[in-house]
Amino acid sequence: MFKHAFAILCGKYDTNHHDGHITHFQAFMTALSSTVGLGTVAGVAIAVSMGGPGAVPWMMITGFFGMSAKFAEVTLAFRHRTEDQDQLFSGPFQYIRNGLEEFGFKKLGIVLAAMYAVFFVLSGLGGSVAFQTNQMVSILSGYSSWVDGNSWFLSSIISALLALVIIGGIKRIARVSSALVPIMSLIYIFSCIIIIAFNIHNLGHTFKILFSSMIDFNAVGGGMVGAFVAGIQRAIFASEAGVGSAAITHATTKDEEPVRTGLVAMIEPCFDTMLTCCLTGITIVITGAYQTSVGEGILITQKAFETVSSWFPILLTIVAPLFAFSSVISFVYCCEMGWLYLFGAKSIVIYRIAVIIVAFFSGLSKDIMAIANIGGTLFSCLALINMTALILFSNQINDEVQCYLKRLRNNKIN
């Protein structure tokens, strides 16, 4: 199915005859830009500093199972998508409410969908916006003592740029993401490979540390339990698998096949968690950067880059803000759908103002661990509600898959 998924991603089934606003590739890049943010750079560093090197393998395992979660949530959301005034609308709050209503639990569906939407809106503010903005300011302020002492300056610029983009909606976000994500991802991946190559003599020892710490009850940061919790929490934050945000983005795709859209979404954890997070984890362990300090987020990754050359962190300084900015604008769009579900379109300006305010003040904060913990908790609450719904509605997903595979085998897929 991976071959088929990549064929879909590359545009084999694209057509303007289907309802939707963006192509599969644009949806993939928009969803990926939300996940390949500083969660894959600073988030991994935080996981290792909290749970030890063993957190990295647990992140990989979580990413593997996250593929199924993303496929399920996107397929289900596409199945339940609706259109209102040329606006395609879907997401976990939609299939939670509709699905439970089909089971005869209408009131429960309304309550759980509303709970999910509330947590989703809060996660956009306390998770994505606060974390990404804080780490953007952190990495950029390190090159100027004046900027470091006047972080309000950078926070103001970031907040203003954020306001300009999010007002443009999904089409503008898709254009920005499609341009930024491939370039910055390749720069970051090759940078990590160069660092690993410079420290290749430590690679065998690094893998030994990673996997021994994974099951070592005496490891740093609480042993196996600490590594397990840190790895899973940071993997959820980095990949958003099981959280439901990808379901909202992919619901705007120009297509009519739920399974086809789900297959494209399934590829995302391979890239953000199993590749990018893995490279980040190996980089900070092979260089020993994680041992220098605890709880500094992206500054730990920066220390790993410094092992190659004094100028090498400049690459991280270029890529990291782009990672963070694209992640924020994509996730904020998704969270706007949660706000629309709760309060309607007339009040959306309130949420956008809240985003700008949170972006500004989180850039001033020096307590990255508090911000990371708030974001991790909110994302975990989202995943708990969403994964419960996916299990309850697994028969609907299975029906869609079996029907699609049957038509695919008979060459009846357009």
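Note: Cβ is positioned from N, Cα and C throughout, glycine not excepted.
Quick look at what TrEMBL lists:
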type	residues	note
TRANSMEM	27-50	transmembrane segment
TRANSMEM	56-78	transmembrane segment
TRANSMEM	108-131	transmembrane segment
TRANSMEM	151-170	transmembrane segment
TRANSMEM	179-198	transmembrane segment
TRANSMEM	210-232	transmembrane segment
TRANSMEM	311-333	transmembrane segment
TRANSMEM	339-361	transmembrane segment
TRANSMEM	368-393	transmembrane segment
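Segment contact is absent for the transmembrane segment (179-198) and the transmembrane segment (108-131), given fewer than three CB pairs below 8 angstroms at sequence separation of 6 or more. Taking every listed stretch (56-78, 108-131, 151-170, 311-333, 339-361) in turn, the largest tally of C-beta pairs under 8 A with the transmembrane segment (27-50) is reached by 311-333. Beyond the ends of the transmembrane segment (108-131), by six or more residues, the same chain brings 34, 37-39, 42-43, 92-94, 96-101, 237, 243-245, 327-328, 331-332, 334-335, 338-339, 341-342, 351, 354-355, 358-359, 362, 365, 368, 371-372, 374-376, 378-379, 381-382, 385-386, 389 to within a C-beta distance below 8 angstroms of the stretch.
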